[in-house]
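Asks: Taken from Swiss-Prot, the feature domain 'tr-type G' covers 10-209. The region 'G1' annotation in Swiss-Prot covers 19-26. Per Swiss-Prot, GTP binding site is recorded for 19-26, 81-85, 136-139, and the stated evidence type is sequence analysis. Positions annotated as Mg(2+) binding site by Swiss-Prot, on the basis of sequence analysis: Thr26. Marked as region 'G2' by Swiss-Prot on the basis of similarity to another entry: 60-64. If you look up Swiss-Prot, you'll see 81-84 marked as region 'G3'. The feature region 'G4' is assigned by Swiss-Prot to 136-139.
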Amino acid sequence: MAKEKFVKNKPHVNVGTIGHVDHGKTTLSAAISAVLATKGLAELKDYDNIDNAPEEKERGITIATSHIEYETENRHYAHVDCPGHADYVKNMITGAAQMDGAILVVSAADGPMPQTREHILLSRQVGVHYIVVFLNKQDMVDDAELLELVEMEVRELLSQYDFPGDDTPIIAGSALKALEEAKAGNVGEWGEKVLKLMEEVDKYIPTPQRDTEKTFLMPVEDVFSIAGRGTVVTGRVERGVVQVGDEVEIVGIRDTQKTTVTGVEMFRKELDKGEAGDNVGILLRGTKKEEVERGMVLCKPGSITPHKKFEGEIYVLSKDEGGRHTPFFNGYRPQFYVRTTDVTGSIELPSGVEMVMPGDNVKITVELIAPVALEDGTRFAIREGGRTVGSGVVTKIIE
């Protein structure tokens, strides 16, 4: 019997639950899967099943994450839920679990709490642009005015971090009650609220662009010269499509150069084009081997530019994760591993921050010694002598 093939007839979207500890993120994750399971759109995942999240290693960082999948009438979703606050921080900064949008869970009984704020800020920093809110534990709030007050607070908090607070969909309900109903095999008034939430997620979080639809970019891994044919650069296409005859730019380390693609090869076979995810060799017209090196990128002209100075949000590995055993201070000069190469840079800490301890997350300003192709959302690792000591994401280009 052939293994069932993953049917790609519905658009795929990645989401995750965020919010303060004990506000009900995991219960909501279980409730969504249980309610949709009654309609045959999900496999029932129990709370304990989601809560005992397996630990994964992502670039040496230990992150506990649960993955569940489900469908609505319109879409297929992959949904991540993390048991601990630290796991969320690591997940969002490393990009280990991509999120196209987030479901922010706020307890109606408590209102926004410190981690509510921190997760909203992190979403803003790492480029999760769409948030839908679930006001949980509505069954514990008798006063309609109190519920309205919490909703207003959440909208204000979202607006404070540049999210459209006034237009954000907010659904009130009870994840626990919906879960209990669904386990009894029916969708009652509480289950309907979870369905309403998913309807809003369907409408409000846009379907992401597929990687092949984005502008072409390929990090250079290696460079060869082939007698009589010219220079070949190899790498894995990160996004977009490249075809023979395309004009491309070579960006990073040195001055940007323009050239034309004269051949695309994969496994020694000539191709018409290479696309996102392909490991290819690209033949470049008139480019000398010594003009290209690992760490540069090939890209669609004008789509990405080289930069030396940027702001970033980083997570510093703990000692247990194989990170540093001691804090670092202002002016710390590690290597920044961006895509395929290490570039030395110095770190400036925010005013008022004396030092950064292993296991912390912090906003930093970095100045590299050589320009690298960067944009908002570019991920990087921080290394010392080849050993990863941190992970980060570019939040703002300075120059």
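Using N, Cα and C of the backbone, Cβ positions are placed for all residues, glycine too.
Any idea what these are sitting next to in the structure?
Replies: Break the region 'G1' (19-26) down by DSSP state and the numbers are 2 helix, 1 strand, 5 coil.
Same-chain neighbours of the region 'G2' (60-64): 53-54, 82-84, 87, 90-91, 94, 96, 315, 317, 320-322, 388, 391, counting only residues six or more beyond its ends whose CB sits under 8 Å from a CB of the stretch.
Broken down by DSSP into helix, strand and coil, the region 'G3' (81-84) contains 0 helix, 1 strand, 3 coil.
Residues 23-24, 27-28, 105-109, 147, 172-177, 190, 193 of the same chain, all 6+ positions outside the region 'G4' (136-139), place their C-beta atoms under 8 angstroms from a C-beta of that stretch.
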